[in-house]
Amino acid sequence: MWKRWLALALALVAVAWVRAEEELRSKSKICANVFCGAGRECAVTEKGEPTCLCIEQCKPHKRPVCGSNGKTYLNHCELHRDACLTGSKIQVDYDGHCKEKKSISPSASPVVCYQSNRDELRRRIIQWLEAEIIPDGWFSKGSNYSEILDKYFKNFDNGDSRLDSSEFLKFVEQNETAINITTYPDQENNKLLRGLCVDALIELSDENADWKLSFQEFLKCLNPSFNPPEKKCALEDETYADGAETEVDCNRCVCACGNWVCTAMTCDGKNQKGAQTQTEEEMTRYVQELQKHQETAEKTKRVSTKEI
């Protein structure tokens, strides 16, 4: 009896494999003479017609390059994919990590987690968790994706049925590949980057804005089929894409994951504000003003969506 079931299972696997091969051959045939350009790939529509879309996922080989926007990418593909997704022109400036800017002038930028950093960390976490899936056997029960997430959630939850940023970070640190995001040349900034990207992941699915994730929010955050939205920053009735910059005196503010992040340097000389140097209180007020613009834009967007 078991031989018959085994033969049936093998037959089903063979049929699925043949269908996958046929779909692949069909796509290869339709897209044979289609050139989509860097950062894009050919896909087949429901009507069987070719179309060019931003690359869904690059191969994870590590060959860092510095983009013309000053950001370090894991490889050429990630750079061109980011350019496609953001609709901006980004070129390879040079191979390797972007060099650290030592100037304390307005060119100095705050350490931030861009959407591409956040999405790369999320991709690595999902890849790690999917590798732990164990299919059901003939006489044993395996582990599906939700069960694996539930296991890690319970392991790092302190008992309040919520994961805060420190607990989430400890969870991520269990996997060396997932945590090894090295956008900056020095380890201290990379360590800070990891914490910022964990905060950005929490913000993705934190529906009640308490900066903690329930299991359902945790499940949504790391759901492979969930497509993180592209958030923009608002300022003076204008919207700015991820990576956009603005300056106030000698400080630089960067748009990252929908939020303005600013340096906090004391200004003097030609960057002096009036007859006084910029105080920490003044800088705080400026950042709060930026965030106020952002919140107003988000509320307007939500109201417009409801009216539609």
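Don't overthink the numbers, they just go from 1 along the chain as shown.
Using the three backbone atoms N, Cα and C, a Cβ is placed for every residue, glycine included.
Look at Swiss-Prot and you will find 1-20 tagged as signal peptide, backed by similarity to another entry.
In the three-state DSSP assignment, the secondary structure recorded for C31 (disulfide bond) is coil. Annotation source Swiss-Prot lists disulfide bond at C31-C42 (among others), citing similarity to another entry.
Non-local contacts of C52 (disulfide bond) by the CB criterion (under 8 A, 6+ apart in sequence, same chain) comprise V34, C36, G37, R40, E41, C42, A43. Annotation source Swiss-Prot lists disulfide bond at C36-C52 (among others), citing similarity to another entry.
Residues or ranges marked as domain 'Kazal-like' by Swiss-Prot on the basis of sequence analysis: 48-100.
C84 (disulfide bond) is surrounded by 20 other CB atoms, counting those within 10 A of its CB over all protein chains shown. Feature annotation from Swiss-Prot assigns disulfide bond to C54-C84 (among others).
Classification of C58 (disulfide bond) by DSSP places it in coil, neither helical nor stranded. Neighbour density for C58 (disulfide bond): within 10 A of its CB lie 19 other CB atoms from the protein chains shown. Swiss-Prot lists C58-C77 (among others) with the feature disulfide bond, giving sequence analysis as the kind of evidence.
The disulfide bond annotation in Swiss-Prot covers C66-C98 (among others). Sequence-distant contacts of C98 (disulfide bond), defined as residues of its own chain at least six apart whose C-beta falls under 8 angstroms from its C-beta, comprise C66, G67, G70, K71, T72, T183, P185. C98 (disulfide bond) carries neither a helix nor a strand DSSP state and counts as coil.
Under a cutoff of 8 A between CB atoms, and with a sequence separation of 6+ in the same chain, the neighbours of N144 (N-linked glycosylation site) are I133. Annotation source Swiss-Prot lists N-linked glycosylation site at N144 (among others), citing sequence analysis.
Here Swiss-Prot flags 144-178 as domain 'EF-hand 1', drawing on sequence analysis. Predicted-model confidence for the domain 'EF-hand 1' (144-178) is 91, expressed as mean pLDDT.
In the three-state DSSP assignment, the secondary structure recorded for S165 (phosphoserine) is helix. The phosphoserine annotation in Swiss-Prot covers S165.
The N-linked glycosylation site annotation in Swiss-Prot covers N175 (among others). Within the same chain, residues at least six positions away from N175 (N-linked glycosylation site) with a Cβ under 8 Å of its Cβ are R124, I125, W128.
The N-linked glycosylation site feature in Swiss-Prot is assigned to N180 (among others). The number of other CB atoms found within 10 A of the CB of N180 (N-linked glycosylation site), across every protein chain shown, is 12.
Long-range neighbours of the domain 'EF-hand 2' (193-228) within the same chain, counting only residues 6 or more positions beyond its ends whose Cβ lies under 8 Å from a Cβ of the stretch, are 111-113, 115, 117-119, 121-122, 125-126, 129-130, 145-146, 149-150, 153, 160-165, 168-169, 172, 179, 181, 183-184, 256-257. Under the heading domain 'EF-hand 2', Swiss-Prot lists 193-228.
If you look up Swiss-Prot, you'll see 233-287 marked as domain 'VWFC'.
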For the domain 'EF-hand 2' (193-228), what does DSSP give as the number of helix, strand and coil residues?
20 helix, 1 strand, 15 coil
Can you see whether DSSP assigns C84 (disulfide bond) to helix, strand or coil?
helix
Separation of alpha carbons, C84 (disulfide bond) and C31 (disulfide bond) (Å)
19
Which same-chain residues, if any, lie at least 6 apart from C54 (disulfide bond) yet have Cβ under 8 Å of it:
G39, R40, E41, R81, C84, L85
Excluding its own, the Cβ atoms lying within 10 Å of the Cβ of C66 (disulfide bond) add up to 18
